[in-house]
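First the structure, in the form of structure tokens, and then the observations on it.
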Amino acid sequence: MNITFIGSGYVGLVSGIIMGYLGHNVTCLDNDEVKISKLNKQILPIYEAKLDEYLKQALESDRLKFTNIYNNELQNADAIFITVGTPSKGLGEADLKYVYDAIDKVFEHINKDCLIVIKSTVPPGSCSNIIAYLKSRGFSFNVASNPEFLREGSAVEDFLYPDRIVIGVNNKESEAILRKIYAPLQGVKFVVTDLVTSELIKYASNSFLATKIAFINEMADLCEKIGGNIKDLSKGVGLDQRIGQNFLNAGPGFGGSCFPKDILALNNLVENHHIDCRILKAVIKSNKQRPSNMVDKIATLLDGDLKGKNIAILGLTYKAGTDDVRASPAIAIVKILLNKDVYVKAFDPIGLENAKKNLEHKNLLYLDSAVDACKSVDIIVIATEWSEFKELNWQEIYDLVKSPIIIDFRNILDNETMKKIGFRYYAVGSKI
């Protein structure tokens, strides 16, 4: 089928590239000329495991192209996916400016049978509003909702082997087109529902996962006070099939481009409908406070005095497997430390350049290796769960630090191994 993606950000790129790999004829449109030029040279603007391989295959098979020109080629599209950003504004309300900008640019070029698919995360009711908007301008297109559930760091696998595909439609024709598009993914479960429910599923899913993270983080705080083991607790709870083990790793809080934004948007939605959803408010508050709580733990290990201390931060992305630093707890921790006159030496294996764009400070030094970041520091903070941190020569690092203290906010190192080397080692959920 002929498919066009409007917006070549994270979702549009991954979806478009894999759709091309699966055999569809795909055009990815974006206003950023520099990005488009690089993509046509097989240079990705994001880090995502294996995506470069699929990009190469799709381009070489001539089933994928990138452009910034909205032209009559759109007339051949069977479906147009809107995959632009929907950032938060004000008190968490989703800003749909880019969605409507995309609609405005394409509706005069596409044929009457083309299906407009909203893959961007939008509040319930948005698709119906878009249909009304198009009708007010004399156009009558089918509009469907098809939210994405891609996890950064494993997005390729998530697209090829999804748990489910959610489709929100108001007629059988739209459903048939989407089923045909996803036909190469055999054995996939489809959830076919109305437009509003489809839109709400995305918000509810992300908010529920965020709730699991906030809950296990608070259980880690309890373990710290009473001497429990948070890893064993997470395992014991997660092996219950009703709960599941995913998103039960205690840490410095959730971040990224989805969870913080989506739970705020859902909270905004329920408040607009005069529903007092206390769970959402509690999760938002808990996660907002989490980086400050982590800094308090660092201060405790340094006898309450942070001013002038040298601290190594290992990991800057909001999680491993991505270069994304948006709403990263690690970045939030660094900012708090800098405000307390701390000298920070930071390293991340993938996200260093994005971190530099996000945060600069006279007391912040970005290093090209974890070992260099740890030289002569008062404490080492592991803020992101990169596997390479487990493989470091910690004996070498022990000989380089000023004070052999590690606080592991991701619980990735082995307590006994670190202590045998000579480190004072603390993990999330352990007594300080």
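Each residue, glycine too, has its Cβ placed from N, Cα and C.
Per Swiss-Prot, the features are:
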type	residues	note
BINDING	2-19, Asp30, Lys35, Thr121, Glu152, Lys261, Arg326	NAD(+) binding site
BINDING	Glu148, Phe149, Leu150, Arg151, Glu152, Lys202, Asn206, Phe247, Leu248, Asn249, Ala250, Gly251, Gly255, Lys319	substrate binding site
ACT_SITE	Cys258	active site, nucleophile
Leu248 (substrate binding site), number of other Cβ atoms within 10 Å:
20
Roughly how many Å lie between the Cα atoms of the residue listed as 'active site, nucleophile' and Glu148 (substrate binding site), rounded to a whole value?
11
Cys258 (active site, nucleophile) in three-state DSSP notation:
coil
Assigned element (helix, strand, coil) containing Phe5 (NAD(+) binding site), judged by DSSP:
strand
Do any of Asn2, Val11, Val14 (binding-site residues) have a CA within 10 A of Leu150 (substrate binding site), and if so which?
Val11, Val14
Alpha-carbon distance [Val11 (NAD(+) binding site); Glu148 (substrate binding site)] in Å:
8
Quiz question: given the binding-site residues Asn2, Ser8, Asn206, which has the greatest number of C-beta atoms lying within 10 angstroms of its own C-beta?
Ser8
Give me the largest Cα to Cα distance among Glu148, Phe149, Leu150, Arg151, Glu152, Lys202, Asn206, Phe247, Leu248, Asn249, Ala250, Gly251, Gly255, Lys319, the residues the record lists as binding substrate, in Å as a whole number.
25
